[in-house]
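Heads up: the structure comes next, in C-alpha cells.
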Amino acid sequence: MSRLYQESLLLQMQPGPPNTSQPTRLLHPPKPQSMSRDVMPHHITITDDEGDERRPSRSISRYGVPLYNYQQIPPYLKGNPYIFGGYRAHIPIGLCMRSLFIWSNETMNIWTHLLGFLYFFYLLINDNLSLLEDSHSDFGDNLTFTLMDSAFMTCMFCSAAFHLFNCISESASKIWLRLDLGGISVGLCGCYFPGAYYAFYCHAYWQLAYLVALLILAVGSMAVQLHPQFLSSQWHYRRLFLYSILIFAGMIPVTHWALTNGGFNSPLVLVFVPKIAVMYLLAIIGGTFYVTKFPECQFPGRVDFLGSSHQWWHLFVFLGYAWIHHCTILIYNYWMVHSCEEHFQKHQSLSSILGITD
Ligand SMILES: [Zn+2]
C-alpha cells in the first residue's frame, strides 16, 4: 500500500469508527479502459465529486483497479464495518481477474483458497497415481480419496471465486455466495465421507448407515440453502447454527466408533481421538475468528489488507481439510497392514461389554 493511499485512509479514519449511518453514495462505474498503466501512476489518488482534495474517494491501484473505502461501497458489500479500505466495487469481470494481482482487502481471501484448490488438485493426482497405486488399493479406496479431494477442491474453488467476483454486482455476489455456502456443505461431506468409510471399515452395516445419513445431511443442507431468506442478514445466526450442527453431528459417529473399537483401552482409539480433537480445535479456532471478527474489531482499519478475521478463517478451513487428508492417509495405512479379523481380536473388549455389534 503506498504512503499516499495510507495517508488518504488515515484522513478518513481520524473521526473514529466508521459512520455506518452515512448514506451510501454509489459511484459511477470506473472507466478502467481510459486508465492505461502507462499514463496512470500506481495508487494515484482521485478526489471525490465535491473536489475536496483532503478526502480522496478512491485510489487506482496497479492494473487500474479502483479501490474504495467503506462509506463508498454499496450496502451488499458492507459485511464488516471494521474493514475501512481496500474495497473493489462496480468492476467488470476483466478487472476482477486483474485484481488477483493487486492488494485489495480480498486478495488474501482469494489466494488462500485458490492455492488451497491447487494443493488439493495436486493431492487428487498424487493420491490416485502414486499413494494408492503403490499400496494396492481397491476401488473403494480410490473412490474415497477422490471424493474427499474433490470435495475440498470444490469448497476452495467456490470460496475463491466468491471473493474474486463478489464485487461485480449484487446479483453476481448472491449467485457466488450461494455457491460458496454450497461449497462449505460439500467440503464438510468431504470431511465425513473418509471418516465413515474407514472408521467402520469392518462394520459394513454401520458403514452403509453412516454414508446414507451423510448423503441425507448433505442433500438436506443444500435444500435449506435454496430458501429465499437463506442469504439474508436475518438468517445470519440460523446459517451459523446449520453449519455448527453439520460440524458437531460428526461427534455421533466418532463416539460410536470409539466404543466399537475398544474405547480408551484401544491403542487405535488413543491414537485417533487426539487427531479428531485437533480437527475440532481447528474448526473452533477458525469459527471464533469468523464470528467475533477479531482482530479488526479491536484494531479497526489496521488489518484491512493483511490479518483480518476472514483471512484467518480461510487459513483454518484449509488447515482443517489438510489435517483430515493427513489423518485419512494414516487410517488407510492402518487397514493396509491389519485385517478385520486381526482388528476384531485386538479391540473387542468394550464393544462386547456394551453389546455393540453389527
Ligand atoms: Zn470466505
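Glycine too: its Cβ is placed from the backbone N, Cα and C atoms.
The region 'Disordered' annotation in TrEMBL covers 13-36.
Under the heading transmembrane segment, TrEMBL lists 107-125 (among others).
What TrEMBL lists as transmembrane segment is 145-165 (among others). Through the fold, the transmembrane segment (145-165) approaches residues 93, 96-97, 99-100, 106, 109-111, 113-114, 116-117, 120-121, 123-124, 127-128, 131-132, 172-173, 176-177, 179-180, 182-184, 186-187, 189-191, 193-194, 314, 317-318, 321, 324-325, 328, 332 of its own chain, all at least 6 residues removed from its boundaries and within a Cβ separation under 8 Å.
In the three-state DSSP classification, His310 (Zn(2+) binding site) falls within a helix. The Zn(2+) binding site annotation in TrEMBL covers His163, His310, His314.
Long-range contacts of the transmembrane segment (177-200) within the same chain: residues 140, 144-145, 147-152, 154-159, 161-162, 166, 206-207, 210-211, 214, 217-218, 221-222, 225, 230-231, 239, 243, 246-247, 250, 253-254, 257, 260, 279, 317, 320-321, 324, 328, 331-332, 335, each at least 6 residues beyond the stretch ends and with a Cβ under 8 Å from a Cβ of the stretch. The feature transmembrane segment is assigned by TrEMBL to 177-200 (among others).
The transmembrane segment annotation in TrEMBL covers 206-228 (among others). Cβ atoms under 8 Å from those of the transmembrane segment (206-228) belong to residues 178, 181-182, 185-186, 188-189, 192-193, 196-197, 200, 235, 242, 246, 249, 253, 256, 260, 358 of the same chain, restricted to positions at least 6 beyond its ends.
TrEMBL lists 240-259 (among others) with the feature transmembrane segment.
TrEMBL lists 271-291 (among others) with the feature transmembrane segment.
Taking Cβ pairs closer than 8 Å, the transmembrane segment (312-335) reaches residues 108-109, 112-113, 116, 119-120, 123, 131, 135, 137, 141, 144-145, 148-149, 152, 155-156, 159, 187, 190-191, 194-195, 198-199, 201, 268, 271-272, 275-276, 278-279, 282-283, 285-287, 289-290 in its own chain, all 6 or more past its ends. Marked as transmembrane segment by TrEMBL: 312-335 (among others).
Report note: the Zn(2+) site is defined by His163, His310, His314, and the residues of the same chain whose CB lies within 8 Å of the CB centroid of those residues, excluding them, are Glu106, Met108, Asn109, Ile110, Thr112, His113, Ser159, Gln311, Trp313. Considering other CB atoms within 10 Å as the measure, the emptiest surroundings among the binding-site residues His310, His314 are those of His310. Here the transmembrane segment (271-291) has long-range neighbours at 191, 240, 244, 247, 254, 258, 264, 309-310, 312-313, 315-317, 319-320, 323-324, 327, 330-331, meaning same-chain residues at least 6 beyond its ends whose C-beta is under 8 angstroms from one of its own. Sequence-distant contacts of His163 (Zn(2+) binding site), defined by Cβ-Cβ distance under 8 angstroms and a gap of at least six in the same chain, are Glu106, Asn109, Ile110, His113.
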